[in-house]
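These features come from TrEMBL:
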type	residues	note
TRANSMEM	17-35	transmembrane segment
TRANSMEM	105-126	transmembrane segment
TRANSMEM	132-154	transmembrane segment
TRANSMEM	166-189	transmembrane segment
TRANSMEM	195-218	transmembrane segment
TRANSMEM	230-249	transmembrane segment
TRANSMEM	255-278	transmembrane segment
REGION	309-328	region 'Disordered'
Amino acid sequence: MISASWQAVWVGEWRTFMAWSAVPLLLVTLFYFLVQESAQWLVTRHDIDGALLRLRRVAHFNRREVSEEDFEQFRVHCKGQESASSHHSMQRQSKLMDALKTPRLRLRMINVLLVFTIITLCYNTVSRNVEGLGLSPFIMFTLFALTLPPSGLFQAQAQKSMGRKFTAVSSMVATGLMTAACGILLTFWKQPSPVLLVALILTSRFGISVCTGATMQISAELVPTCVRSGILAVAHVSGAAFSFVSPFILHLDTYFRAASSIIICLLLFASAWICLLMPETRNKKLPMSLAEGEQFGKGERMFDFLRRPKKEDEADLSAETHQKLVPE
């Protein structure tokens with residue numbers, strides 16, 4: 001992405017550039033051979049042997065010694081979970097439509113869909129906003145791409161130390177304020193400093209990248225394993241579909257320079273509010289079935305993610321961690 005705009009200049013013709021830029025996408029086919037299937041997902045499909053096979057491969061790749069006794073305990077545990085509920089019930093839990101029949105989980109899935117769609121729309125709008133900044137769009141696209149690696153590292157560290165929910169909410173609020181400030185500055189400062197302007201724009205671009213990564217992370221963790229792929233697929237398609245609005249949002253700047261920035265700010269504030277309604281996922285046993293998803297986060301209040309966990313909570317978490325097959 002850093003070199004894409006300059007590759008376009010080098011190729012010199014848009015049809016050739018489209019074909020040229022599509023070639024690296026062929027590497028995605030290696031994903032099927034290099035990345036193991038989710039063991040949790042295989043367990044929800046009653047393929048315990050397949051889950052054990054993947055876990056063995058992952059342990060071998062990570063050079064971790066796991067005894068056969070541990071693998072056998074994992075098999076016994078999964079068999080016990082299967083016998084605890086009927087086969088028919090487990091099959092129904094694996095269907096996407098069944099998630100819409102559970103009141104709490106259904107509301108959470110709607111919230112995930114709304115946040116994912118809003119953030120995708122905001123990301124595409126900010127990424128396309130390269131006009132009127134006093135620099136070549138080619139340079140701006142390169143500078144925008146340069147913000148991606150540090151934003152990913154920042155997001156990972158913030159989620160590890162402060163939690164998924166805090167990272168998502170704070171980044172959305174901060175990015176909304178920064179984006180609105182940039183738009184208002186362009187409106188009332190007729191000859192802004194190019195250096196200051198670019199710095200503000202890059203800060204907004206950095207923030208929206210953190211928002212996008214945090215949204216993807218918390219969305220994947222809130223959705224039960226048995227329906228995760230289906231619900232996240234719907235969220236991705238919805239976000240891509242609503243992104244067609246982004247050029248029209250940017251076009252509003254021809255009438256009022258800060259229009260698009262204010263709209264993005266309001267959208268980010270709305271997504272931050274929706275995130276406050278969803279539970280925290282850090283250091284918690286994530287749901288695998290619809291029943292677990294329905295109970296996940298029950299009793300958690302809106303701002304509980306701001307408090308430090310009590311000692312008894314940490315003890316419960318430690319007990320859950322010891323049940324994992326391969327320690328982190």
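Placed from the backbone N, Cα and C atoms, the Cβ positions cover glycine too.
Where the annotation comes from TrEMBL, it is an automatic prediction and has not been curated.
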Cβ contacts under 8 Å made by the transmembrane segment (230-249) with residues that lie 6+ beyond its boundaries: 96, 99, 109, 112-113, 116-117, 119-121, 124-125, 128, 219-220, 223, 259-260, 263-264
Cβ-Cβ under 8 Å with the transmembrane segment (166-189): same-chain residues at least 6 beyond its ends: 115, 119, 126, 132, 155, 158-159, 197, 200-201, 203-204, 207-208, 210-211, 214-215, 218, 256-262, 264-269, 271-272, 275-276, 280, 305-306
Per Cβ pairs under 8 Å, the stretch of 17-35, 105-126, 132-154, 195-218 packing most closely against the transmembrane segment (255-278): 105-126
Seg_contact(the transmembrane segment (132-154), the transmembrane segment (17-35)) with at least 3 CB pairs under 8 angstroms, min sep 6: no
For the transmembrane segment (17-35), sequence-distant contacts whose Cβ falls under 8 Å of one of its Cβ atoms, 6 or more beyond its ends: 4, 7-8, 11
